[in-house]
Amino acid sequence: MSGRFVRASKYRHVFGKSTRREATYDNLRISKNAWDTNLIKVNPKYLAVNWEASGGGAFAVIPLEEKGKLPEQLPLFRGHTAAVLDTDWNPFNDDIIASGSDDGKVFVWKVPDGFTLHTDADEPADVKPVGKLSGHSRKVGHVLFNPAAENVLASSSGDYTVKIWDLEDGHSKMTLKHNDIVQSLSWSANGSMMVTTSRDKKLRFWDVRQEKPAHEVQGHMGAKSSRSVWMGEHDRIVTTGFSKMSERQLGLWDLRDPSKPVGGDFIPMSSSSAVSMPFWDEGTQMLYMAGKGDGNITYFEYEHDKFEPLSEYKSPDPQRGMAFMPKRGVNTHENELARAYKTVDDRLIEPIPFIVPRRSETFQDDIYPATVGLKPAMSSSEWLDGKTGLPPKFSMEDMYDGKEPQEYAAQEAPKVAPAKTASAPAPALAPAAAPTPKEPVVEKPEPTPAVAREMPSMKDNKQSMSALASKFADKDEDEADDDDDTSSFEEIQKPVERPSAVRQAEKNSTADESTREATRTTTAPAPQPASVPIPSSRETVTTPPAAPSKTDDKSAPEAISSPQPSASAAAGGLRDVLQEIRGMLQSQGRQIEELTSEVAQLKTKVGQ
């Protein structure tokens, strides 16, 4: 395991969860048109599906709560005279949707109040458009609402143009001209810039209100379709495409230097031939990539200008179309980070929630930062006049608690609580490549000069090093030798006597006392020797006591000078006393030997 480590991330265990058949949207007739589009779009209320219809183009709108097998006859949104190629929901009104068709028209629709698929009528009434936009001379392949300005819509066409529409008056305000068919387009978070990929293999970064590209660089060299997506509030763009050898590629571009991808080259991906559909999640800084024609969804975490692979959702059912729910529509009670909707066999749509496995039943503020609500940053007229800004955001905790979301200005939105495993700071917002004169110019504050720190002198360094070395200095060898010379027996404390030895000594002392009493009663009263100190069982006896010999020397002249008839009896008593003392000394010697052996055993145990 040397040199190996696991990158810390709170999204490392995110997994995609399959849905039961009864929780899908079944019995559909999804369009089989070969145009390269995602086929479906979703918002927190409805799901839009390009429909395989005869006698003109149509699409269906399905309320999200009406799951399971749908009726054979559905109320469709009809009005186009050719197949519908793309749709897009208004980010600030969940009931407004725009559509682009093969007939070259752009229609705007409004979902009726109380709309449902289950009606009692034999033939449900179709829904008619509320607005028609004409201006393209060929088919309209993509429609996309501005994420910051209200009622601003972009549409791309086979006439090699992208038109910017003001829905308030229904007129085209700007035209972005290309050299070939536009394959994908994506707005910046503040709605001032746009990135497009084209069949001429060029990647263009547009300052939309200037109607000219700020940068035009070489994109993916493969012949297959290329996709692009703006990474939210970053000044970064992600593209997917193919090399000349038809190998899948991923590109990360820096708006400040788009001459080549970040890192100098494209990132090679799997060898699959399916076109990748990229989806960016601004709240979690994650990129989801779904293969068009396979059943897998790969997801990455963006950190330090790199895409770190997390995991992959695998399914045997291939998808032709896919859509991701806006952040305000996910289920925060289930720790759901994102929810994808994929088409299966052109007859059903399956929801796939991506969940962070956590046991906590409280709001997880580290994975749910503030997100964009239903209030735009500006009106279409203000945007056309040059205003730029981010839409207000709201705390997802309000949605978790069931409260009315309280929106904040983008700069005042509450920050995310720092996680235990902190990730890299997000790059700064993308500066406008060619700002309009009406945009306010913010002066950058001058950097504060660093304060010079006084360096320590050589003398101070020597003193500090000597003080540090003294802490770890070894002891003197003489001291170590003295310690070795000392006796290990003296170092051991005096052992505690065993209770059995104490009781044995007391018994011996009692027996001695009784013997002396018997001797006194059987012998004549004779001068007793001086008191002989009887050694205690707890004292170490070294030499026999000399007191009795002194006493004998004093008493002997008295016995000789004053003849007594009981001298022999006195001598016999003295002999008995001496024998008693000798027995006591032998007993004490045996006790000393026992104690010595015990001390030796203790010494051996301590040495081990």
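Each residue, glycine too, has its Cβ placed from N, Cα and C.
Curation does not apply to TrEMBL; its annotations are automatic.
Per TrEMBL, the stretch carrying the note coiled coil among 102-129, 326-353, 578-605 is 578-605. Secondary structure of the repeat 'WD' (77-119) per DSSP (helix as H, G, I; strand as E, B; remaining residues coil): 0 helix, 22 strand, 21 coil. The average pLDDT the prediction assigns to the repeat 'WD' (77-119) is 95. Secondary structure of the repeat 'WD' (133-175) per DSSP (helix as H, G, I; strand as E, B; remaining residues coil): 0 helix, 26 strand, 17 coil.
The DSSP breakdown of the domain 'DUF1899' (4-68) into helical (H, G, I), extended (E, B) and coil residues amounts to 3 helix, 22 strand, 40 coil.
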